[in-house]
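Asker: The active site, charge relay system feature in Swiss-Prot is assigned to HIS218, ASP285, SER391. Sequence annotations record features per position, and here Swiss-Prot assigns disulfide bond to CYS24-CYS75, CYS34-CYS65, CYS40-CYS76, CYS78-CYS126, CYS88-CYS117, CYS94-CYS127, CYS203-CYS219, CYS356-CYS377, CYS387-CYS416. Positions annotated as domain 'Clip 1' by Swiss-Prot, on the basis of sequence analysis: 23-76. The domain 'Peptidase S1' annotation in Swiss-Prot covers 174-440, and the record cites sequence analysis as its basis. Swiss-Prot lists ASN239, ASN334 with the feature N-linked glycosylation site. The annotation pyrrolidone carboxylic acid is assigned in Swiss-Prot to GLN22 on the grounds of experimental evidence. According to Swiss-Prot, the signal peptide annotation covers 1-21.
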Amino acid sequence: MFLIWTFIVAVLAIQTKSVVAQSCRTPNGLNGNCVSVYECQALLAILNNQRRTQQDEKFLRDSQCGTKNSVPAVCCPCNAADGQQGNCVNINSCPYVLQLLKNPNEANLNYVRGSVCQGSEQQSICCVTAPQSTAVTTTPRPKRVHACQSEMTATPPNPEGKCCGRDIAVGDKIVGGAPASIDSYPWLVVIEYVRLERTMLLCGGALISGKYVLTAGHCVKGAILDVGTPKTVRLGEYNTTNPGRDCVSVSAGGTDCTDPLVKIGIEKTIPHPDYQPYHFLRKHDIGLIRLQSIAPFTDFIRPICLPSTDYTVNPPSKFALTVAGWGRYLQFDNGTVRSSKIKLHVTLPFVQRDVCEANQKPLRNGQRITLWKGQMCAGGEAGKDSCKGDSGGPLMYEHSKKYEAVGIVSFGPEKCGQIDIPGVYTNVYEYLPWIQNTIEP
């Protein structure tokens, strides 16, 4: 028993927190956590189902447990690593997990790590009464021979080809800050920062070739470096708290799982030479990250296209843009990082630069913010903005069934999702010559 307990501590030590979520009971009798509705995949799927029944609506009402930062909170059941719902209990009360820890191989440990939940006790696990095999049963995917792997070089793929900007997401995507499909936006990356052996996820970016990630200047230069040094990037990520394969239930039945997470070391970071990190206008807020090795091309990892034109000059009618990510950004005033554990996305309206300027709040000295053509704006709708994406992540436009990285998340109002106060993004098209001249073979 002592040996098992040693493994429990080793497996869960990195996951425990000094403050745990409020425990609750779901309408169907499962132990759960009271969390923002945006963080509960199971209930969001019901909420966004236009064909939900009266029984579904009653279940949603009965699941409410208060509010979190003015957002409705719900009693959310936990999910084990294989995607099954379970009870969030102390690990010693879960016979199946204790049995796995008697044989602590990599598969069993990944299952346990992926099943950690925030219960009323620190060492809590999502325990299922009839678990699936730890060899996760997945919804079969068509076998693909990726011809595009040969184009995963340092140079961004030709946007006229088929090797950038395409995802293979199954099913309808949900907008409004809700979970994205497990295989959508496969170019999204999470940047790992390290300080004193502590790893932090502070910024995002977009893979634009086999060797380069596009991100914000403030993610690779300035105050953020006092917090940590960018060391590695995560590719093919979905749930940042799960070190193993991420799995979700699919409507057709079964479970859809990602490939194993890929981490690649950072060879060097390259902020734009004219970026001034402490200037309030955040001009030239763009940077590149060169990776130590070539990224693979898979269903879950592939580059986004660079913009084919400056869409801010003659915007298309009903010009809708998308941001996606884990909502990660560092709040320098108090040093906290706000984030979601799963990939989110939201659709935002384009806002003309002059309208955006007029709606930005003046600085403390009364000075108005003046934007230039290297910046663009989107958002300004209640509860919907780039807080659902990542600092440094891409602002995307879907054109001819391909996504282009037209912007980079730069800055916005202190409080996310305020009406008539759009977020400000770096206009990537303005920097195409710099990107092309900076990339090395």
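Glycine is treated like the rest: Cβ placed from N, Cα and C.
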Asker: Show which residues of the chain containing CYS76 (disulfide bond), separated from it by at least 6 in sequence, have their CB under 8 Å from its CB.
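Answerer: Residues satisfying the criterion: THR26, GLY32, ASN33, CYS34, VAL35, GLU39, CYS40, ALA42, LEU43, SER63.
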Asker: Inside 10 Å of the Cβ of CYS126 (disulfide bond), count up the other Cβ atoms and send me the figure.
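Answerer: Result for CYS126 (disulfide bond): 27 other Cβ atoms within 10 Å.
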Asker: Measuring C-alpha to C-alpha, could you say which of the active-site residues HIS218, ASP285, SER391 are within 10 Å of GLN22 (pyrrolidone carboxylic acid)?
Answerer: none
Asker: If you measure CYS65 (disulfide bond) to CYS75 (disulfide bond) at Cα, how many Å is it?
Answerer: 6
Asker: Between CYS117 (disulfide bond) and CYS126 (disulfide bond), how many Å separate their Cα atoms?
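Answerer: Per the Cα atoms, CYS117 (disulfide bond) and CYS126 (disulfide bond) stand 6 Å apart.
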Asker: What's the number of neighbouring CB atoms sitting within 10 A of the CB on CYS40 (disulfide bond)?
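Answerer: Other Cβ atoms found within 10 Å: 24.
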Asker: Would you report the average pLDDT that the model assigns to the domain 'Clip 1' (23-76)?
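Answerer: Mean pLDDT, the domain 'Clip 1' (23-76): 77.
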